[in-house]
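In what follows, a single structure is set out as C-alpha cells and then discussed.
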Amino acid sequence: MVDLEETIDLVSEDEIPLTSSQAMSKAHTFDFEASHIGSHAKLSNSWFSEQMRIRIFRSIYIVLVKAKINVLLPFGPLAILLHYLTGKHGWVFFFSLLGITPLAERLGYATEQLAFYTGPTVGGLLNATFGNATEMIISIYALKNGMIRVVQQSLLGSILSNMLLVLGCAFFSGGVVHHQRVQHFNKEAAVVNSGLLLMAVMCILFPAVLHFTHTEVHFGKSELSLSRFSSCIMLVAYGSYLFFQLRSQRNIDGLVDDSPADEGRNINTDDADEEEAPDITQWEAIAWLAILTLWVSLLSGYLVDAIQGASDSWKMPVAFISVILLPIVGNAAEHASAIMFAMKDKLDITLGVAIGSSTQISMFVIPFCVVVGWLMGKPMDLNFQLFETATLFITVIVVAFMLQEGTSNYFKGLMLILSYLIVAASFFVHVDPSTDKQVPGG
C-alpha cells in the first residue's frame with residue numbers, strides 16, 4: 001500500500017512540470033495561430049479590396065468606354081462649359097443633343113442588364129419605365145418650366161420618327177440586303193400595336209376637335225378634364241397590354257412562329273438568346289441606372305433652356321427643332337439597332353424597337369406627362385393642335401396599311417422615308433403661334 005501511494009505521489013509530482021510546459025507550448029501555438037489568422041485576414045481584406053477595384057474598373061469600362069457611341073460623352077460637359085462661358089444657345093443646344101445621345105443608349109443598356117436578374121414581368125415594367133427615360137426626363141423638365149408645347153411636339157416627333165424614319169430605314173436596309181426574297185414578320189403583333197396607336201390617336205383627336213369646333217361645355221376646361229380622364233384610361237390600357245404581352249399564352253411578340261418560312265430564322269434567334277448573359281451585376285446595373293438618370297436630368301436642363309435661343313440663332317421654328325431634331329438625335333441608338341436587326345433578317349425585333357417604342361410613347365409617356373402636369377398644376381392636355389394631330393393621324397393610317405400584309409421590302413421602306421421628308425418639310429414651314437414668331441426665310 002505504501003509503495004503504491006508513493007508511486008502515485010511521484011507521478012503526480014512529475015506531472016506538474018509537464019503540464020506547465022504543455023501550457024506554455026499551447027500558449028505559443030495559440031499566439032502563432034492568432035498572428036497567422038490576423039495575417040490571413042489582412043490578406044483576405046486586401047484581396048477583397050483588389051477584387052472590388054477590378055470589378056469597379058471593369059464596370060466603368062463596359063458601360064462608359066466599350067461602346068463606340070461613348071465617344072460622344074465629352075460633349076455633355078462641353079455644353080455645360082459653353083453655357084457658362086459663352087452663352088451661345090445654338091452651340092449649347094447642339095452639344096447637349098450630342099451628349100444626351102450616348103446617355104440614352106446606355107440607359108437602355110443598363111435596363112437590359114437589370115432585366116436579366118428580374119425576370120420577364122419586372123423586366124417589361126422596367127423597359128416601359130426606362131425605355132424612353134430620356135424623353136420623360138426632358139418632358140418633365142420642360143413641364144416644370146411651363147413649356148407645354150415643347151413637350152407635346154417632342155413626344156409627337158418621337159412617334160413620327162420611329163414610325164416613318166426608323167421603320168422606313170430598317171425596311172429599306174433589310175430589303176436591299178435581302179433583295180432576292182421577301183422578308184416576313186409577325187402580322188398579329190403589328191396589328192395589336194396598330195390598334196393601340198389608333199386608340200392613342202382617338203384620345204388625342206377628341207380634345208382637339210372639341211377645341212376647334214367650340215363645342216365644349218366649359219371653354220378651356222372641358223378639354224383639359226377630358227385629357228386627364230383619357231390619360232388615365234390610356235395608362236390602364238397600356239398596363240393591360242403589358243400584362244397580356246407578358247402573361248398570355250399566345251405569343252404576340254413574334255419571336256416564336258410556327259410557319260415553315262421562319263423556322264431557320266427563329267432557331268437562330270433562340271440560339272442567340274440562349275447565349276446571352278449579363279455583363280454586369282444586378283447592383284451595378286441599379287447603380288448605373290441612378291447615375292445615368294441623374295446625368296440625363298442635369299443635361300436636359302441645359303438642353304431645354306437653349307431651345308428658344310437655338311431657334312433664334314439658327315432661324316428655325318421651335319416646332320421643327322422639337323418635332324424633327326430632338327427625336328432624330330435623341331433616338332439615334334434606337335435607329336441604329338433597328339436597322340441592324342433588319343439587315344440580320346430579324347424584323348420582329350425591328351418592329352419591337354420602332355413600332356413598340358411608338359406605342360410606348362403614345363400610350364404611356366404622353367398620358368404620364370399629362371398626369372405629372374396635373375400633379376404640378378400645369379395645364380398639360382392632349383390637345384396637340386390641329387396640324388400636329390392631323391399629321392399623327394395620317395402617319396398611323398399609312399404605317400398600318402404598310403404592316404397589314406406581314407411583309408416588307410425596300411420599296412415600302414423608301415415610301416416611309418419619303419413620307420418622313422414631307423413631314424419634316426411641313427414642320428419647317430409651320431409656325432406655332434405659341435412658340436414661333438415668323439416663318440423662316442420670311
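Note: Cβ is positioned from N, Cα and C throughout, glycine not excepted.
The model shown is predicted, which means the values in this text are computed figures rather than measured ones.
Per TrEMBL, transmembrane segment is recorded for 60-85 (among others).
Feature annotation from TrEMBL assigns domain 'Sodium/calcium exchanger membrane region' to 91-246 (among others).
Sequence-distant contacts of the transmembrane segment (91-109) (same chain, six or more residues past either end, CB-CB distance under 8 Å): 63-64, 67, 69-79, 82-83, 130-131, 133-134, 288-289, 292-293, 295-296, 299-300, 302-303, 306-307, 309-310, 321, 325-326, 329-334. Look at TrEMBL and you will find 91-109 (among others) tagged as transmembrane segment.
TrEMBL lists 121-143 (among others) with the feature transmembrane segment.
The transmembrane segment annotation in TrEMBL covers 155-177 (among others).
Long-range Cβ contacts of the transmembrane segment (189-213) within its own chain (Cβ-Cβ under 8 Å, at least 6 residues beyond either end) map to 163, 222-223, 226-227, 230-231, 233-234, 237-238, 241, 252-254, 348, 351-352, 355-356, 358-359, 362-363, 366-367, 381-386, 389, 392-393, 396, 399-400, 403-404, 406. The transmembrane segment feature in TrEMBL is assigned to 189-213 (among others).
Annotated transmembrane segment per TrEMBL: 225-244 (among others), in sequence order. Below 8 angstroms of C-beta separation, residues 124-125, 128, 192, 196, 199-200, 203, 206-207, 210, 252, 359-360, 363-364, 366-368, 370-371, 374, 380-383 of the same chain, each at least six residues beyond the ends of the transmembrane segment (225-244), sit close to that stretch.
What TrEMBL lists as domain 'Sodium/calcium exchanger membrane region' is 285-427 (among others).
As annotated by TrEMBL, transmembrane segment applies to 285-304 (among others). With a cut-off of 8 Å between Cβ atoms, the residues of this chain six or more beyond the transmembrane segment (285-304) that come close are 59, 63, 76, 79-80, 83, 92-93, 96-97, 99-100, 103-104, 106-107, 110-111, 113-114, 117, 130, 133-134, 137-138, 141-142, 145, 147, 150, 278.
Sequence-distant contacts of the transmembrane segment (316-342), counting only residues of its own chain at least 6 positions beyond either end whose CB sits under 8 Å from a CB of the stretch, comprise 69, 93, 97-98, 100-102, 104-105, 108, 134-135, 138, 149-150, 153-154, 156-158, 160-162, 165-167, 169-171, 173-174, 183, 307-308, 310, 349-350, 353-354, 357, 388, 408, 424, 427-428, 430-432, 435-436, 439-440. What TrEMBL lists as transmembrane segment is 316-342 (among others).
Among residues of the same chain six or more beyond the transmembrane segment (349-376), those with a C-beta under 8 A of the stretch's C-beta atoms are 128, 131-132, 135-136, 139-140, 143-144, 148, 151, 155, 158-159, 162-163, 166-167, 170, 174, 185-186, 189-190, 193-194, 196-197, 199-201, 203-204, 227-228, 230-232, 234-235, 237-238, 241, 253-255, 269, 331, 334, 337-339, 341-342, 382, 399, 403. If you look up TrEMBL, you'll see 349-376 (among others) marked as transmembrane segment.
According to TrEMBL, the transmembrane segment annotation covers 382-403 (among others).
Counting same-chain residues at least six beyond the ends of the transmembrane segment (410-431), those with a Cβ under 8 angstroms from any Cβ of the stretch are 160-161, 163-165, 167-176, 179, 316-317, 319-320, 323-324, 387, 391, 395, 398-399, 402, 438-440. The transmembrane segment annotation in TrEMBL covers 410-431 (among others).
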Long-range environment of the transmembrane segment (60-85) - Cβ separation under 8 angstroms, sequence gap at least 6: 91-96, 98-103, 105-106, 109-110, 279-280, 288, 295, 298-299, 302-303, 305-306, 332-333
